[in-house]
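Chemist: Got these off Swiss-Prot a minute ago, pasting:
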ACT_SITE  Asp75  active site, proton donor
BINDING   Val108, Ala109, Gly110, Leu111, Gly112, Arg113  phosphate binding site
BINDING   Arg113  substrate binding site
DOMAIN    10-164  domain 'Tyrosine-protein phosphatase'
MOD_RES   Cys163  cysteine methyl ester
Amino acid sequence: MTGIRSALPNPASLVESSTHRFLIFDAPNDDNLPLYINELKKYNVSHLVRACDPTYSTEPLQAIGIQVHDMPFADGGSPPDAVVNNWIKILGESYKKDSKETIGIHCVAGLGRAPVLVAIALIEGGMNPLQAVEYIRERRRGSINIKQIQYLKNYKSKKKSSCRIM
């Protein structure tokens, strides 16, 4: 967690790497979306990834310049290749050296699908899979189940080069 005070019922978790900032949270709905928008603004979110079925309109987010990407996959499961490839594309598009822009990402509870995608980003950045899980869990307790850990342990980076610097 960070020093920024949250108005959300379940506080968001900031995960930072050498190349990206991620804000993991649970799914908003149309009624509480304004609270989430305030939080997204605090963290300078430019891209928002929904890893679950939609529960709110994207229009208010798009109106303030946040690009919304739908990448749903099964609860408790691992992302299919198409989701991983889209996720990596977003990581590439959003990378800016020394940027304080953040990628917001959520699933229903913010404990499974969203943290798995963030772990993939950390692995793509050169982090060991189990270190990535531990790093995320330090910031978002209870995240990533055993099945997802197994997937991450076996995950192979999509980068062309095997030489990586964290």
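Each Cβ is built from the backbone N, Cα and C atoms, and glycine gets one as well.
Remember, predicted model here, so these are calculated numbers, not experimental data.
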Chemist: What is the one among the binding-site residues Val108, Gly110 whose Cβ has the most other Cβ atoms less than or equal to 10 Å away?
Modeler: Gly110
Chemist: In sequence order, which same-chain residues at least six apart have a C-beta under 8 angstroms from the residue listed as 'active site, proton donor'?
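Modeler: Counting only residues 6 or more apart in sequence, the Cβ neighbours of the residue listed as 'active site, proton donor' under 8 Å are Cys52, Cys107, Val108, Gly112, Arg113.
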Chemist: Give me the long-range Cβ neighbours of Leu111 (phosphate binding site): same chain, 6+ apart, Cβ under 8 Å, in sequence order.
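Modeler: Residues satisfying the criterion: Arg140, Gly142, Ser143, Ile144.
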Chemist: Among the binding-site residues listed here, Ala109, Gly112, Arg113, whose Cβ has the fewest other Cβ atoms inside 10 Å?
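Modeler: Ranked by other Cβ atoms within 10 Å, the binding-site residues Ala109, Gly112, Arg113 bottom out at Ala109.
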Chemist: With H, G and I counted as helix, E and B as strand and the rest as coil, say where DSSP puts Arg113 (phosphate binding site).
Modeler: helix
Chemist: Tell me whether Asp75 (active site, proton donor) sits in a helix, a strand or coil according to DSSP.
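Modeler: Assignment for Asp75 (active site, proton donor) reads coil.
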